[in-house]
Amino acid sequence: MTGPAQPSSAPLPLSLVAEGPLTGTTGVPGDKSISHRSLMLGALAVGETVIDGLLEGEDVLATAAAMRAMGADITRRDSRWHVHGVGVGGLLQPQVALDMGNSGTSTRLLMGLVASHPITATFIGDASLSRRPMGRVIDPLALMGARFAASPGGRLPLTMTGLCPAVPLTYTLPVASAQVKSAVLLAGLNTPGETTVIEPVATRDHSERMLAGFGAVLRIEGTAQGRAITLTGEAELRPQAITVPGDPSSAAFPMVAALVVPGSAVTITNVGINPTRAGLIGVLQAMGADIAVVNERSVGGEPVADLVVRHSPLTSIEVPPDVVPSMVDEFPVLFVAAAFANGRTVMRGLDELRVKESDRIAVMARGLAACDVTVEELPDGLIVSGSGGEAVGGGATIATELDHRIAMSFAVLGLHARQPVTIDDARPIATSFPGFVAMLQGLGAR
Ligand code: S3P
């Protein structure tokens, strides 16, 4: 096995309470999306890429292990990560199955890399990942010439063989997915000619920013069909020094915690505010949240700021579906914020949430109802009737279904509940936010 060790210990129940306001200053770990990409592109550059602030979560460690299995030299020294790449076209045949753990991003982006290299790789993952659809990347990569033997429904475990040279492609995304976009672009790196992805709806653009930073030739145009990204293949990537900003998807948890626990005032430093990721801030502000975005700056080609968040009465809104791609991972914790708002918060257009690490609409609806929050589940969303700022009932044990963001969302809900909220198993939190519990304890939770 080349991936992270599967947790063999028993489930780790967790329950957090706040007996007073949350106060203080905290950082959050490095951005998960940017961390994956920095390892992958570093592994395809010739020379040494140095990464500062890499997220050392299990998902990213799975990517590191897989890139090592395909020939890259990746080490951690003096709190930095050093990557010696093999060059575009130089990935080696892995000798063992690539264990992707819980990580959809690792799986889909690495499938893109393998697709245009003359190698065969087998991808395996945990129970959650083995339920998630891979057809969305298999389809375009098969058009480029890769061959697949997947489990029923296009799922893991799957074995694929890349084609070299692969066939360049122009592909319009059928779902708004940065993972699918990135898989095709990464396949395009070792493909002759131009590979184009057209996205009708803009999704996170970290791949484009980082590919350009590594010296790939990339063209972005607005077209009638949407945003068209064209990559010139057989690229030569130059190694980089990368500083990974704090993850806005992780910052979402202390942000909502500070908003809902009475009297709180929390500063979260060094948070990525790339517009393709920062939708939650605007939605919470529209609900009345007191969030100041200060000290804006640029770190490694990404916009970053500090966030000053104060406890606020929240008012329900109807969340416009067009913001969904810019906060797709933040809906579980937005549902929690909505549980404390005054009135009914309506959130629709969330079909993609049903195929994340869990069915996040169903799992959140069940857990919120168990905590005495009134919810109405829709095929593509959720309506949450909030408490108007009062503590919610709580008193339930939540089945988190191997989903880190479900676990952290209910930990935040429990901070302002009449009865404790227990997470059945806190171990999955380490996939994206090692140190989550210590971070909340540092702000005053117990
Ligand atoms: C990610 C893209 C998103 C997001 C995931 C990370 C990425 O998935 O949910 O956590 O790094 O590209 P989709 O692009 O499939 O929506």
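In case you wondered, yes, glycine gets a Cβ from its N, Cα and C as well.
Bear in mind that the values here come from a model prediction, so they are computed numbers and not experimental data.
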*To which of Gly53, Gly104, Gly154, Gly381 does TrEMBL also attribute binding of phosphoenolpyruvate at the site defined by Lys32, Arg132, Gln179, Arg360, Arg405?*
Gly104
*Are any of the binding-site residues Ser33, Arg37, Gln179, Asp329, Arg405 near ligand 1, with a Cβ under 6 Å from it, and if so which?*
Ser33, Gln179, Asp329
*Which three-state DSSP class does Ser177 (3-phosphoshikimate binding site) fall into?*
coil
*asked:* Neighbour count, 10 Å Cβ-Cβ cut-off, for Ser177 (3-phosphoshikimate binding site): what number do you get?
replied: 22
*Which ones in the same chain are close to Arg132 (phosphoenolpyruvate binding site), with CB under 8 Å and 6+ residues apart in sequence?*
Gly104, Arg155, Leu156, Val355, Lys356, Glu357
_Asp329 (3-phosphoshikimate binding site) and Lys32 (phosphoenolpyruvate binding site), distance between Cα atoms, whole Å_ = 12
